[in-house]
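Have a look at the structure below before the remarks.
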Amino acid sequence: MENSFKAALKAGRPQIGLWLGLSSSYSAELLAGAGFDWLLIDGEHTPNNVQTVLTQLQAIAPYPSQPVVRPSWNDPVQIKQLLDVGTQTLLVPMVQNADEAREAVRATRYPPAGIRGVGSALARASRWNRIPDYLQKANDQMCVLVQIETREAMKNLPQILDVEGVDGVFIGPADLSADMGYAGNPQHPEVQAAIEQAIVQIREAGKAPGILIANEQLAKRYLELGALFVAVGVDTTLLARAAEALAARFGAQATAVKPGVY
């Protein structure tokens with residue numbers, strides 16, 4: 001049950017990922033064999049639920065790619081369910097301050113360190129109590145990544161970085177650029193300056209900086225600055241643009257798409 005993704009971040013080994021938005025175990029398994037270090041199963045902006053997350057975790061399990069799951073909110077009940085079906089690494093959205101980061105960590109820990117409910121006899125995570133001493137080992141294998149996506153969160157970053165149990169901080173460029181007044185333009189110089197400063201600050205604090213960006217030049221720039229978990233594409237975008245390009249080569253008139261974060 002060792003969390004190899006958490007171990008890689010702790011060792012300072014950059015992890016390259018892909019975002020999964022199709023909410024399909026079939027496509028998740030297809031992409032699990034593509035060679036990415038991690039795959040993000042998105043529960044915030046897709047029609048995923050606990051059941052569909054479970055089937056994607058099962059589909060990815062035989063492959064080297066490590067799953068990361070984003071719940072729809074920093075909700076301890078939802079987090080408990082996601083952990084019980086086998087999630088070990090969580091990306092918690094819209095964390096604004098240290099108290100919210102602390103709540104996210106507590107939701108992943110069994111008492112007395114946290115508030116995770118004990119239901120291991122019902123849980124895939126413990127292999128239905130077939131993993132020896134699961135309740136004693138589980139806390140140490142949980143990896144908590146929190147998202148900062150607003151100016152308020154950026155202001156509170158030093159305090160968030162001080163929270164014990166936060167393994168990494170993920171910068172959300174789409175929401176951050178919108179909050180800064182540049183919606184749809186994460187490449188604006190002010191947004192980029194904030195992102196770069198945050199990456200350096202997170203790494204200097206001994207935490208893992210992360211981000212999603214489909215621009216390869218920017219992705220490489222963030223890695224150079226010290227980012228440790230970088231998603232470089234989204235399955236929905238890859239499929240849509242490839243299909244449009246193929247159709248266009250045979251004369252189809254595709255709808256113009258403005259380049260964005262993904």
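In case you wondered, yes, glycine gets a Cβ from its N, Cα and C as well.
Swiss-Prot lists His45 with the feature active site, proton acceptor. A C-beta separation below 8 Å, combined with a sequence spacing of at least six in one chain, links His45 (active site, proton acceptor) to Gly21.
Annotation comment: Swiss-Prot describes Arg70 as site 'Transition state stabilizer', evidence class sequence analysis. The secondary structure of Arg70 (site 'Transition state stabilizer'), as reduced to three states from DSSP, is extended strand. Sequence-distant neighbours of Arg70 (site 'Transition state stabilizer'): residues of the same chain at least 6 apart with a C-beta under 8 Å from its C-beta are Leu40, Ile41, Asp42, Gly43, Glu44, Leu90, Leu91, Val92, Pro93.
Using a 10 Å radius centred on the Cβ of Asp84 (site 'Increases basicity of active site His') and all shown protein chains, the other Cβ atoms total 20. Secondary structure at Asp84 (site 'Increases basicity of active site His'), taken from DSSP and collapsed to helix, strand or coil, is helix. Residues or ranges marked as site 'Increases basicity of active site His' by Swiss-Prot on the basis of sequence analysis: Asp84.
The number of other CB atoms found within 10 A of the CB of Ala174 (substrate binding site), across every protein chain shown, is 18. Ala174 (substrate binding site) carries a helical DSSP state (H, G or I). Annotation comment: Swiss-Prot describes Gln147, Ala174, Asp175 as substrate binding site.
Positions annotated as divalent metal cation binding site by Swiss-Prot: Glu149, Asp175. A C-beta separation below 8 Å, combined with a sequence spacing of at least six in one chain, links Asp175 (substrate binding site) to Met94, Glu149, Thr150.
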I need the least crowded one of these binding-site residues (Gln147, Glu149), counting other C-beta atoms within 10 angstroms of each C-beta.
Glu149
Express the distance between the Cα positions of Asp84 (site 'Increases basicity of active site His') and Gln147 (substrate binding site) as a whole number of Å.
22
